[in-house]
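Inspection log for the structure reproduced underneath, given as structure tokens.
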Amino acid sequence: MLQVDVVILAAGMGKRMCSSLPKVLHPLAGKPILSHVLDIARTLSPERICVVFGYGGELVRQVIGDHSDLIWVKQAQQLGTGHAVKQALPYLGNKGVTLVLFGDVPLVKSDTLKALIEKAREDNLVLLTVELDNPTGYGRIVRDPVTNRIQAIVEEKDASQSQKKIREINTGIMVLPNGRLGNWLDNLSDANTQGEYYLTDIIAMAVDAGIPIETSSPASDWEVSGVNDKIQLSILERAHQQDTANRLMEQGVMFADPARFDVRGRLVCGNDVEIDINCIFEGNVRLGNNVKIHANCILRNVIVSDGSVVHPFSLIEDAEVGKNCRIGPYARIRPGTQLDDAVHVGNFVEIKNSHIASESKVNHLSYVGDTEMGRRVNIGAGAITCNYDGAFKHRTVIEDDVFIGSDTQLVAPVTVARGSTIGAGSTITRDTPEGQLTLSRTKQTSIANWKRPRKDRN
């Protein structure tokens, strides 16, 4: 099997981004542009991955991380793509091939690169090319009209009128034989208007030496689109999101509008899932069968089981939701929360680091934190757990079949025993007995002949 090395060129500053952040660290679908390229490279199971970095290099390494499968190669001066690959040459194998990728071309697909590599041998060169309706500004692929073999790549400024009509362009992504790569790089020249060493000049060397040049093409043009400014970044963001939506719809997901939907991680859906507009899914999210996510919800690292419904404007993060639950609208489920089956969490309710057992309801205007709640519990409007004493968090235990009246404060640590009822407006500071009514209120008083204070209009 052919050994494959990968070199990712990520040294550019990205002046047109108008940002102090290196271009390859700008986020696309919730993670740095360069991370997308690395993820795709890893699907190829390469022998090694070399990342050529330059501008903002230490920050790039810090954000991406020094993973064991990465070799970081510094390009102190940005002297062109050929010069960049030459910096990685000492780390590459003597045999096999090298795939050259770009750190600012984040959406090329694994299947596209695998098809490219399948055409590679140790005695040829393979280019990823694409046909564009408007190829203006790109280097044209010039082929022999009889054999269809590549003769040259002609840059726009050097192209004749007939060559400018050619729609096939060079993407820059290529597979090079390691056995010839060193000699080719040594013979590159910077005698051009930019004073740089261009990797594409290798193609002319290969043609002159009679070395076969093969080509392959992606399924979609946007796969090979690069990011040079924030307009292009926004275009690729939408292309990526639309591609993700298309894949999910092919699996049966129903979108109210696939153009108003974002995945910033990984979303896995069961059958008959419905997703309304302006929903965002971050990290790892799994939706079971017949789940409905209404408009303007954010789910981050969440499992939502079969038949559950999340109503509009709800935020759920690092939590598990059981079957047939109802959440929201305007609910916030914070990290460490587990909702068992058939739990109802209503409007303006916040739950943090709590376990809510099946068939319990927290329907209105409540805060539940650091709580173990049993089955069939009803929490009245405005009830809260007071879990923080200013220094430490404490847990509240609410056992099965408890009814908590509205505007109740449960001051942790405290246990409300099975079957208890807590009267509205109570502040509970001690454990309650099982099956009894517990309340703490001042006696209601009415004062006769009392007059409300009034402002002196004079």
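A Cβ is built for glycine as well, from the same backbone N, Cα and C atoms used for every other residue.
What Swiss-Prot annotates here:
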- His364: active site, proton acceptor (ACT_SITE)
- 9-12, Lys23, Gln75, 80-81, Gly139, Glu155, Asn170, Asn228, Arg334, Lys352, Tyr367, Asn378: UDP-N-acetyl-alpha-D-glucosamine binding site (BINDING)
- Asp104, Asn228: Mg(2+) binding site (BINDING)
- Ala381, Asn387, Tyr388, Ser406, Ala424, Arg441: acetyl-CoA binding site (BINDING)
- 1-230: region 'Pyrophosphorylase' (REGION)
- 231-251: region 'Linker' (REGION)
- 252-458: region 'N-acetyltransferase' (REGION)
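Recorded features from Swiss-Prot, shown on the structure.
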residue	record	Cβ contacts under 8 Å, 6 or more apart
Leu9	UDP-N-acetyl-alpha-D-glucosamine binding site	Val52, Thr81, Ala84, Val85, Val100, Leu101, Phe102, Gly103
Gly80	UDP-N-acetyl-alpha-D-glucosamine binding site	Asp190, Gln194, Glu196, Tyr197, Tyr198, Leu199
Asn170	UDP-N-acetyl-alpha-D-glucosamine binding site	Leu127, Thr129, Tyr138, Gly139, Arg140, Ile141, Ile153, Thr200, Ile203
Asn228	Mg(2+) binding site	Gly14, Arg16, Met17, Lys23, Asp104
Arg334	UDP-N-acetyl-alpha-D-glucosamine binding site	Glu317, Asp318, Ala319, Glu350, Ile351, Lys352, Asn353
His364	active site, proton acceptor	Gly346, Asn347, Phe348, Val349, Gly380, Ala381, Gly382
Asn387	acetyl-CoA binding site	Gly369, Asp370, Thr371, Lys393, His394, Arg395, Thr396, Ala412
Ser406	acetyl-CoA binding site	Gly380, Ala381, Gly382, Ala383, Ala424, Gly425
Arg441	acetyl-CoA binding site	Gly423, Gly425, Ser426
Original post:
Around Tyr367 (UDP-N-acetyl-alpha-D-glucosamine binding site), which residues of its chain at least 6 apart sit with Cβ under 8 Å of its Cβ?
Top reply: Val349, Glu350, Ile351, Lys352, Ile384, Thr385
**OP:** Among the binding-site residues listed here (Lys23, Asp104, Ala381, Ala424), identify the one with the smallest other-Cβ count within 10 Å.
**Re:** Ala424
**OP:** Looking only at C-alpha atoms, tell me how far Tyr388 (acetyl-CoA binding site) is from Ala11 (UDP-N-acetyl-alpha-D-glucosamine binding site), rounded to the nearest Å.
**Re:** 49
Subject >> Cβ neighbour count within 10 Å of Tyr388 (acetyl-CoA binding site) >> reply: 12
Subject >> Assigned conformation of Lys23 (UDP-N-acetyl-alpha-D-glucosamine binding site) - DSSP reduced to three states >> reply: helix
Original post:
Should His364 (active site, proton acceptor) be counted as helix, strand, or coil on the basis of DSSP?
Top reply: strand
**OP:** Count the other Cβ atoms sitting within 10 Å of the Cβ of Ala11 (UDP-N-acetyl-alpha-D-glucosamine binding site), across every protein chain shown.
**Re:** 28
Subject >> Number of helical, extended and coil residues in the region 'Linker' (231-251), per DSSP >> reply: 20 helix, 0 strand, 1 coil
Original post:
Looking only at Cβ atoms, how many others are within 10 Å of the one on Gly139 (UDP-N-acetyl-alpha-D-glucosamine binding site)?
Top reply: 24
**OP:** Please find, for Ala381, Asn387, Tyr388, Ser406, Ala424, Arg441 as listed binding acetyl-CoA, the greatest distance between any two Cα atoms, in Å.
**Re:** 23
Original post:
Can you give the mean pLDDT for the region 'Linker' (231-251), rounded to a whole number?
Top reply: 97
